[in-house]
């Protein structure tokens, strides 16, 4: 199912549970602003190339809009819209003073040189610099982008507005980035998993995990979970998939993946079909890659008792229903992967104050936010007699709706 259709569906179910007025419901759904720009750059060989850039600013009732910028060949306006909306609910669930946004450029970063990527980033920033800002819209890295991309945006933006480190998060440490930001989403996944398991009288230690995706989020989650005694029995990435029922040696796999640019060929496990990773036998499944991977085709075959959504929108609504009937507990993305945006908030706060925190303080504050977030979601589940996904959606939508009404913005 299309990501936007699925996100709108969940929003409407939450609005119905909350009994929202139809006019308010409509105003919450419509994006604040959608931006589409042409970015033409000279390539290294002297030819010109044009790319289309997007920024969808969904809502700013609770604070500046916040969301990543992705560089990917299939940057799709519908997907960007869906992810911008999800960020609105996610920041509200995390209870940080932000709204939601998302952006991207339709390009293949692997086919562009570093200098071409820099030129593209600077042209994109020139086109949107007056629409982003410290108290307006604060971008962050996403697929195909990273700290270096944020450094270029910061530098280009500062040419127009003066030195403004708080205009982007996920920056290099040397330019005001926060300690702990690199691991933040994976660290948040760990704290979210601990909160869920505690609810069921379990701990991470001794649980069998399968992780789909070994990029930044999946790799950090694997490392942190294994340090807590969790047994990771299968992992996949775009190069392949491996399994070891006795548990994969994560430090060795991290070293191998760095040297060989992926998990393929790792000798500490047997190679398996990447398509089977989601249906491997385990206690806890963590999808940490692309959206829509759990669907009606494979939902019946999933053996996990718990699913922790480290990726954005990994589970289709049809799969949700199938898994719910099987008794599988799903910890939804708008809570489970909110560690990244929470530490982005900490980075923004540090930049505005001009006072940086140590990593221990960052992780301590993150644990507080993730633990409180889980309690708040559970309260909504009790109030509305619903599952964790609707608990999270009703929590997020309710907070945004209240801010909208208090500001006198309802239609």
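The backbone N, Cα and C atoms fix where each Cβ goes, and this holds for glycine too.
According to TrEMBL, the feature substrate binding site maps to 66, 90, 344. Among the features that TrEMBL reports, active site, proton donor is placed at 102. Annotation comment: TrEMBL describes 142 as site 'Important for catalysis'. Taken from TrEMBL, the feature NAD(+) binding site applies to 185, 216.
Features as recorded by TrEMBL, highlighted on the structure.
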residue: 66; record: substrate binding site; Cβ contacts under 8 Å, 6 or more apart: 87, 91, 98, 99, 100, 101, 137, 138, 140, 341, 344, 345
residue: 90; record: substrate binding site; Cβ contacts under 8 Å, 6 or more apart: 100, 333, 334, 335, 337, 338, 341, 396
residue: 102; record: active site, proton donor; Cβ contacts under 8 Å, 6 or more apart: 55, 56, 58, 67, 68, 69, 70, 80, 81, 83, 84, 87, 142
residue: 185; record: NAD(+) binding site; Cβ contacts under 8 Å, 6 or more apart: 216, 217, 220, 310, 337, 339, 340
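Of the listed binding-site residues, namely 216, 344, the sparsest Cβ surroundings within 10 Å are found at 216. Those same-chain residues not listed among 66, 90, 344 yet with C-beta within 8 angstroms of the centroid of the substrate site C-beta atoms are 67, 87, 91, 94, 96, 98, 100, 140, 338, 340, 341, 342, 345. All protein chains shown were included, and the count of other CB atoms within 10 Å of the CB of residue 142 (site 'Important for catalysis') stands at 22.
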